[in-house]
Amino acid sequence: MTKIKIVVIVGPTAVGKTALGISLAKAFNGEIISGDSQQVYRQLDIGTAKATQEEQEAAVHHLIDIREVTESYSAYDFVQDAQKAISDIVSRGKLPIIVGGTGLYLQSLLEGYHLGGQVDQEAVKAYRNELEQLDDHDLYERLQVNNITIEQVNRRRAIRALELAQFADELENAETAYEPLIIGLNDDRQVIYDRINQRVDRMLENGLLEEAKWLYEHYPTVQASRGIGYKELFPYFVGEMTLAEASDQLKQNTRRFAKRQLTWFRNRMAVSFTAITAPDYPQVVHDRVRDFLGQKEKS
């Protein structure tokens, strides 16, 4: 079976994945698929660092604004939606470029997180039943024992992540439809942390507070409201924190999230990282994609 070539851009939040994705889409006739668990939600634009209207006009984006904030979204949903988007993009002779930081979603797509194929479905069912009998404390203890970090922890995500870890050997042998080139972006920790702090400041200047307040007033308990970028501001709305304290909390949580993202990508995906401050960074990445696609450099 001829596998479909796709480019996947990963890295911590605020590292510049969107800009690189657009650059590659322009250079290699590509379209972008968002691999971010929060960008699927309509009306949540600033806190999710969604591609701006200008950026979406520069390159076609998929899997953005496809759910209402009242709806849930899972790794399974992402796999189904991403597979459809990839097929659509390829059918028009274009290159699928997945840009995102939700490691569980990306691994689900690339490694068969549906737990089908060669995996013993009865064994999966039995293991799932075992996990469902555990209380929250014991379930999250299992995560720690297996060195699993997941974003926006809840029982469903925890159980699915443990299933993936339990049946990893079978999944590694399963046939996948894609041949990915995984491009990792990173840099010195302080560079990333400075970029995160600056991004949070820009978000607040651009209206994040109003966006978070709307979410808090209308849908404070939905899945979307638990994402980093919103819940940190809720204490400010009820007078439990000053805006400066809430902003600092948001920066701190985002930095911690970036660290967890890097840990996930290093431990779970075959990725080599490129420093975004390297003088030849853009050219190196473009050359890698060109080689991957078997194209010659234009003179």
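The backbone N, Cα and C atoms fix where each Cβ goes, glycine too.
In the three-state DSSP assignment, the secondary structure recorded for Thr18 (ATP binding site) is helix. Positions annotated as ATP binding site by Swiss-Prot, on the basis of sequence analysis: Gly11, Pro12, Thr13, Ala14, Val15, Gly16, Lys17, Thr18.
Annotated substrate binding site per Swiss-Prot: Thr13, Ala14, Val15, Gly16, Lys17, Thr18, in sequence order.
According to Swiss-Prot, the feature region 'Interaction with substrate tRNA' maps to 36-39. Summarised as a single figure, the pLDDT of the region 'Interaction with substrate tRNA' (36-39) averages 94.
Annotated site 'Interaction with substrate tRNA' per Swiss-Prot: Thr102 (among others), in sequence order, evidence recorded as sequence analysis.
Residues or ranges marked as site 'Interaction with substrate tRNA' by Swiss-Prot: Arg128 (among others). Sequence-distant neighbours of Arg128 (site 'Interaction with substrate tRNA'): residues of the same chain at least 6 apart with a C-beta under 8 Å from its C-beta are Ile159, Glu163.
Shown for the region 'Interaction with substrate tRNA' (36-39): DSSP residue counts in helix, strand and coil, namely 0 helix, 0 strand, 4 coil. Ranked by CA distance from Thr102 (site 'Interaction with substrate tRNA'), the binding-site residues Pro12, Val15, Thr18 have Pro12 at the top as the closest. Just so you know, the Cβ of Gly11 (ATP binding site) picks up 26 other Cβ atoms within 10 Å once every protein chain is counted.
The Cβ centroid of Thr13, Ala14, Val15, Gly16, Lys17, Thr18 marks the substrate site; residues of that chain outside this set whose Cβ lies within 8 Å of it are Gly11, Pro12, Ala19, Ala49, Gly101, Leu185, Arg195, given in sequence order. Sequence-distant contacts (6 or more apart, same chain, Cβ under 8 Å) of Ala14 (ATP binding site) comprise Ala49, Ile192, Arg195, Ile196, Gln198, Arg199, Thr254, Ala258.
Around the Cβ of Gly16 (ATP binding site), the same chain contributes Leu185, Arg195, Ile276, each under 8 angstroms and 6 or more positions distant in sequence.
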